[in-house]
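Some features that TrEMBL has for this protein:
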DOMAIN    B:112-382  domain 'NADH:quinone oxidoreductase/Mrp antiporter transmembrane'
TRANSMEM  B:6-22  transmembrane segment
TRANSMEM  B:29-47  transmembrane segment
TRANSMEM  B:67-88  transmembrane segment
TRANSMEM  B:95-113  transmembrane segment
TRANSMEM  B:119-136  transmembrane segment
TRANSMEM  B:148-167  transmembrane segment
TRANSMEM  B:214-235  transmembrane segment
TRANSMEM  B:241-261  transmembrane segment
TRANSMEM  B:268-292  transmembrane segment
TRANSMEM  B:298-317  transmembrane segment
TRANSMEM  B:375-400  transmembrane segment
TRANSMEM  B:455-478  transmembrane segment
């Protein structure tokens, strides 16, 4: 099947994909810093004019969500699978 | 009513009723025809008010078809077509009947112009949808179904109580916006009924509980109709109610937190319904034209991509018998198309540019920024990072890539599903991309004129940064996100574990009271009374005699025997009767004269 072959071909070039991904991340922040390309007239707060503000926001949102959830799981939300069965 | 008006729900109800009579040969055609007819009926209905009936002293309106109702009916009917196509090969006809009655209920709610009609269809939805859980046939499904039914019955009772209280002070039962400044008891009760169906914490635990246990195709229906009709009802009744903004933000974050902990793919998707409906509830609370447009657009897009996601995970469940991440993994070789469609669903819900969520979700968030609600708007944006983290990354990664946890039989059975399921997912995916690419399709249906353009350079840059840096976080924290076999305790604990505590106390208190009453009244008081009434006169006399004997010290043995004998035979001297009569008359005359 061609779809499987495509996926496998992509998996074989994993390190290249990772490098491309990192380049893309850098590009996103760089582009964000060019007022000519990204018009920040409509930004709602002053913070948003910092180049790469939303990158930081996205990354820290992700980290925050994972750590807070894991913490809540540890202090009691997570129980063994047969919790309700006895 | 001057002309014949056919309610779209009626087509589904008649279709469901005739289902057992349909011969096997034309079953597939019939199954597709009925929802297609409904979709054609909904699509062809001009805006207006139809189906007005006067019943007792009430004016019932079955067909209020304005812009908002038409939009919701359109997407609900479309989802009915896709859901039926997806389920086409399911053997049990009862599942189609249940699903269609359920869809009929939701269409009835959407077109209802008064509160009584709304309630009627509201209950029809609850009572029919529970069968989509029960029909899975597992012991757990039976229990989950009963819990689902009980919670919805409580919500329905609350709604009915609210309608009754509200009707005392209102001129008519027309379902229009309530006075959000002064809701009154009736308004609050109705609101609680709506919020329960919209799965607002803490009234939400029925949703992951029920949807995780439903049949593989039942969840596809369930995920679309109950919460979205509730959102519709909130738009109608409570637009601009400020508390909804914060409730919506809490919902958006709540679902995201639980999704991290969840090991079952369908329960994870269920938690993301709560999260996504949070955007809609917050939008209703903001209540501006842009916000209401955003809510309608997001509900529309959400029904499609969430249906698509449940179809993908449902296909995995149907083909492998598993839905937990700890039992799956590495399936891309076996189910590549299911992976692709699920990924498209994941990108849509994550609001990737060119996918449906991008053009709908951002409207609500933008409305928040425009109304200067900075905290809610930022928190909703934060939640959207979580959405991509789970639905866009965690679900596809741990089912189709990651560590292969499949048992040999799971791996053996795994394959892309039958053509009808693939077709339903393909159409769903195509629509998700179409909505994202060609915005006028959705925007022209919205109730207010749209001046919003999601494809500005700034918005694309913002979204891409949030999404791709979330992706970076995902891969850096991959170890932390590894699934583990566990359950996350939610507010259903209250009625699952709490019920046992309640039962124990109930047992002690009520059964204790019962036992005490039995000892006192049944075992002691009744025998004593019955002994007494065998010969009441004799007992009284003997008791009097004993008293006298104690005072006087005379021999009473003989007299007692004589008294008992006399009372048993009823042979009293005439003198006693005369004495009693004289005493009685004396008492009466005293009463008369004074």
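Cβ atoms are placed via backbone N, Cα and C, with glycine included.
Curation does not apply to TrEMBL; its annotations are automatic.
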The answer for the transmembrane segment (B:119-136), taking Cβ pairs under 8 Å and residues 6+ beyond its ends, is 9, 92, 94-95, 98-99, 101-102, 104-109, 112, 142, 144-145, 148-149, 152-153, 155-156, 159-160, 163, 193, 197, 210, 213-215, 218-219, 221-222, 225-226, 229
Determine which residues of the chain contact the transmembrane segment (B:29-47) at the Cβ level, with the cut-off under 8 Å and only residues 6 or more beyond its ends counted. 6, 8, 11-12, 15, 19, 22, 63, 65-67, 70, 73-74, 76-78, 80-81, 83-85, 88, 96, 100, 103, 107
Per Cβ pairs under 8 Å, the stretch of B:148-167, B:214-235, B:298-317, B:375-400, B:455-478 packing most closely against the transmembrane segment (B:241-261): B:375-400
Beyond the flanks of the transmembrane segment (B:95-113) by at least 6 residues, Cβ under 8 Å: 7-10, 12-13, 15-16, 19, 31, 34-35, 38, 42, 49, 51-52, 60-65, 69, 72-73, 76-77, 79-80, 83-84, 87, 120-125, 128-129, 131-132, 135, 174-175, 215, 217-218, 221, 225-226, 228-229, 232-233
